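Data block below; observations after.
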Amino acid sequence: MWLLAGRGPRCGRALVPWASGAACLGLPWLRCPATRGSTAEPWAPARLYGSGDRKEKIDMSRFPAEHIRNFSVIAHVDHGKSTLADRLLELTGTIDKTKNNKQVLDKLQVERERGITVKAQTASLFYNCEGKQYLLNLIDTPGHVDFSYEVSRSLSACQGVLLVVDANEGIQAQTVANFFLAFEAQLSVIPVINKKIDLKNADPERVEKQIEKAFDIPSDECIKISAKLGTNVESVLQAVIERIPPPQGHCKNPLRALVFDSTFDQYRGVIANIALFDGVVSKGDKIVSAHTQKIYEVNEVGILNPNEQPTDKLYAGQVGYLIAGMKDVTEAQIGDTLYLHKQPVEPLPGFKSAKPMVFAGMYPIDQSEYNNLKSAIEKLTLNDSSVTVYRDSSLALGAGWRLGFLGLLHMEVFNQRLEQEYNASVILTTPTVPYKAVLSSAKLIKEYREKEITIINPAQFPEKSKVTEYLEPVVLGTVITPDEYTGKIMMLCQARRGVQKNMMYIDQHRVMLKYLFPLNEIVVDFYDSLKSLSSGYASFDYEDAGYQTAELVKMDILLNGNIVEELVTVVHKDKAHSVGKVICERLKDSLPRQLFEIAIQAAIGSKIIARETVKAYRKNVLAKCYGGDITRKMKLLKRQAEGKKKLRKVGNIEVPKDAFIKVLKTQPDK
């Protein structure tokens, strides 16, 4: 039996299970009529806990599609998105209201440490409005550009979004990007202006005008709240019910479920997050993966509340999780369609494959840890399907992989999660971008089986004689900044070979700049430089804009004339000298001295463009000479020089791993 918690006249009462018996089904916060004191709150809000705390299962058939709302919360970084999600969980009785409720849905250690959301999380909320019981499926999404693939996947399970904008900072670059993701998915957009109480410069009216000008959303549709205090948050829930349409699925149709996310549990295997577009799924059903055509038996279905809460069934329009004995991480493909055995359906469109923007080599510190690291990468890429993995090897670093990421922060977070969740220590090389080369001869085209090849490893960059042109990836970058910093930022963009495409004032004091950038110019330190020039007020976002012709060269690093494959890099012709000089200087500081001189050179083809020298250890052969003829001393010095020359020819230079780490992990200054 279900009861309503709270006393709101129209909306705002959470749906909670009624407890019976002296023990109240193990729910001490919801007391029985017989044990409730006269001074107790008669309808105290109760927390909807996960499977470990609740004794009775929720009957999901009580929520037909017209009483379901599926929505995401999207925003720029640090605009109060996760704080709003916390208040919504409290208001619906999903969690207890305490001072410790901060980033409740941010479950990863890396999210807590960095204070940002990197993984979309789902929570089912029960809410009553005007006597009707609603199931609200909330998906909290990341706000950084590197995790936009997480946002786009989450939107596939929704019919609307809450677009949160900070009343102090106003519209930022990622706000614009998120809005257009929702617009392309044809979702209802509810703008929410969040006023932070600890900031004095909040101007909600100015932000309303920005939203109206940039997104063509009337200002009277904006909802002003304080997520930290919970002020006016209940009107957000009412707007979700009134302005976001219900899902269109029907329970009588054959099952069609979209896998939009997944995690790996050591004991239960793959846990798939699913959105049911049609039909019903329950424990014991035989289901088929449209991707692999394998048949599975459903072991458990349920909702996230926000922890796992098993249910008997899930119905069309609902969002939840499914466990079906998938033990191999390759069996769970995000974007896959699940359907009942012997009831085939047309697969759902799924998702576009994520396009990696940067690549980096990853190697175990010790080759004996190779298999453990391989297993860890496979499990983590199941949870983060935007990472692409290719096998790679290095003479100095051994067997490893070349991984593709959506950005530098994405790479750092992935590495941090490997260390924290799987206790894996790795060597991560400097990031590079994927270049292309157009081959010049029919023989080469036949060899590579295509005219245009993609190069993700600089060591495989073809010679100029073999290609007609090189192509480098470009992105369309959006910078939003206060107008006082416009001049400095335009100079920075020009220094990074940026081409201005547009400039627009979104209000009296804020400017939106659009530039076409080569990706390798912005991937490492552009964002830090931008924040430094603008005192932290500018924001930056970018999207893929294809490829353009560029004068690229492969720069080799030589030690005593021998090429070091791990340090080969691709640079623009105009910046080759400065980049080569910095790498040589860093190698000089990193390499241990030998009994012979080491020449460190940066070369383009046969042309040396930079050089540093590590001086040899020198024995004082004149120590035994006390005076005497100068010819005796000259003879000893000549013999020593000849010996070092011979040693230099036969001596091998082994570059220690810590030297590679020091040189590779730090991008040369531009």
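Note that Cβ sites are derived from N, Cα and C of the backbone, with glycine treated the same way.
So that you can see what the record holds, here are the features copied from TrEMBL:
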BINDING   A75, H76, V77, D78, H79, G80, K81, S82, D140, T141, P142, G143, H144  GTP binding site
DOMAIN    66-248  domain 'Tr-type G'
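Where TrEMBL records a feature, it is marked here on the structure.
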residue : record           : Cβ contacts under 8 Å, 6 or more apart
A75     : GTP binding site : K81, G143, L163, V164, V165, D166, Q174, T175, N178
V77     : GTP binding site : I116, G143, H144, Q174
H79     : GTP binding site : G143, V164, V165, D166, E169, Q172, T175, N194
D140    : GTP binding site : S72, V73, K81, S82, A85, L105, D106, T117, A120, Q121, A123
P142    : GTP binding site : I116, T117, V118, K119, A120, S148, E150, V151
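Binding residues for GTP (A75, H76, V77, D78, H79, G80, K81, S82, D140, T141, P142, G143, H144) extend across at most 13 Å, taking the greatest CA-CA distance. Excluding A75, H76, V77, D78, H79, G80, K81, S82, D140, T141, P142, G143, H144, which define the GTP site, the same chain contributes V73, I74, I116, T117, V164, Q174 within 8 Å (Cβ to the Cβ centroid), listed in sequence order. Each of the binding-site residues K81, H144 was scored by other CB atoms within 10 A of its CB, and the lowest score goes to H144.
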